[in-house]
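Participant: Sharing a structure with you now.
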Amino acid sequence: MAMEEREGECPRKPVCSSAVQYPLDANCYKILDEIGRGVSAIVYKAICIPMDSSVVAIKAIDLEKSRADFDSVRREAKTMTLLRHPNILRAHCSFTVDRRLWVVMPFMSGGSLQSIIASSFPDGLPEPCIATVLKEILSALSYLHGQGHLHRDIKAGNILVDSNGSVKLADFGVSASIYESNLTHGLGRSSSSSSLRLTDFTGTPYWMAPEVIHSHTGYGFKADIWSFGITALELAHGRPPLSDLPLPNP
């Protein structure tokens, strides 16, 4: 794999934003396997050599294929490094490699709840498990909204499980800072949450709130709560409601 074949030595004193400083050099990582792929990003399982070969996940975002502009991609990486909550997947660091942005994250060995449901619980998870997951994700959402961010893509596929069975909300590729968005329209942080609105059509259709689908009316934090409710039904039944119907048009 091309990303493994890099010459040079790993820097001895890495600089990174997390408490444990992960290196900002591709030579310090060894790619082991591909564990996920999207339109513009590939997720790899890797080891960080200077960190006693600790296992990490690297999300390599192709900046040329990404539908978002560079600033939006960097926003995702920045969001993931700054958020601090036990049920949010926080990135260790990020840096550019050629025309890719590498986001280094903890490796979640359990995979996503979507994959767990598909392989082992096609009719839905047990109720005690659902209750635990929803409590932890709701705590993560409360924190996220308190920081002024919408996730905008809550679903089982974006809830990851670690080796201890803990769940973490992941994939901030379509997240948004509602404060930053509205500052560009003349609204400040002193505005009430009900007056802070977004208008772009973003997310996964079956989990989208009606006001997101009809985004010309604007939407706010409640859109995440709708998606959270759809996710609760997905966990209980193995799929989101209305998933047998054609996708809605924006």
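Cβ from N, Cα, C; glycine included.
Quick paste from TrEMBL:
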DOMAIN    29-250  domain 'Protein kinase'
BINDING   Lys59  ATP binding site
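Tell me what's around each of these sites.
Facilitator: Mean pLDDT of the predicted structure over the domain 'Protein kinase' (29-250): 80.
In the three-state DSSP reading, Lys59 (ATP binding site) counts as strand.
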Participant: So how many other Cβ atoms are close to Lys59 (ATP binding site), meaning within 10 Å of its Cβ?
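Facilitator: 24, counting other Cβ atoms within 10 Å of Lys59 (ATP binding site).
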